[in-house]
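Undergrad: Below is the structure I would like to discuss, written out as structure tokens.
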Amino acid sequence: MEDEVVRFAKKMDKMVQKKNAAGALDLLKELKNIPMTLELLQSTRIGMSVNAIRKQSTDEEVTSLAKSLIKSWKKLLDGPSTEKDLDEKKKEPAITSQNSPEAREESTSSGNVSNRKDETNARDTYVSSFPRAPSTSDSVRLKCREMLAAALRTGDDYIAIGADEEELGSQIEEAIYQEIRNTDMKYKNRVRSRISNLKDAKNPNLRKNVLCGNIPPDLFARMTAEEMASDELKEMRKNLTKEAIREHQMAKTGGTQTDLFTCGKCKKKNCTYTQVQTRSADEPMTTFVVCNECGNRWKFC
């Protein structure tokens, strides 16, 4: 059963990526006949795939059936709150056609009641960790929420992770607004920098960490450019800082004046050099050269 649902999910994800929902209606009809459980929903992420099809499709029959499926699956997350509710749920199939959608929903619901509490606690961390962002009617804020959600859709990671990119975009915007309390230039620059970093093709890990909740929305809203940078850029900055410190130390300690080196810029031979052990002890020392005429610097091993 799980393999079949996973196969449906993969087909729908490909449809979304190719922006071609042909055949989606047949898949949705087959899904409707599968007795869904909370465990199956969580393990296959089929809900995210169906929701993505719903958003993209212009076919009213497809969107209507997708909405119906999502609505029925959401009932699995709620569960009856009392024993009385449970008894009522068990009695309802007796007065309902056995093959009707309602009967299948109730059958699935009653079959999973005993494990509901444990399964509810085991829901995806992302869904339960953060409260939903308050709604707003401010056109600037709404536009920023849309752009943040679009940035989170970069690379389609949100489909594989199963994140609600629209809600997450709203939470990030809400955190930014709560800190700045205005939609002025500071607010817009903050939003713009988040969007730029989320779309950065060289820094996909940042987007994935935000989508899966490793970086909470309120923390992401406050992160500096240095904190959002890719690991590669952080390493480059670290090396540049080390080299700047080394060159500063060289300038303070001086060096040995020589005419053995020719400056690549001014072609003069009035230079000062310093040798520093930058690698392991058995490796050659690095020679740093400064042209005393034009200030050009270079190094070699």
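The backbone N, Cα and C atoms fix where each Cβ goes, and this holds for glycine too.
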Undergrad: In Swiss-Prot, which of 136-176, 218-258, 259-299 is tagged zinc finger?
TA: 259-299
Undergrad: From the list Ser57, Ser135, Ser193, pick out the residue that Swiss-Prot labels phosphoserine.
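TA: Going through Ser57, Ser135, Ser193 one by one, Swiss-Prot annotates Ser57 as phosphoserine.
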Undergrad: Between the recorded positions Met1, Cys263, Cys291, Cys294, where is the Cβ count within 10 Å the lowest?
TA: Met1
Undergrad: Which whole-number mean pLDDT does the model give the zinc finger (259-299)?
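TA: It averages 86.
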Undergrad: Between Cys263 (Zn(2+) binding site) and Met1 (N-acetylmethionine), what C-alpha distance do you get in Å?
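TA: About 73 Å separates the two Cα atoms.
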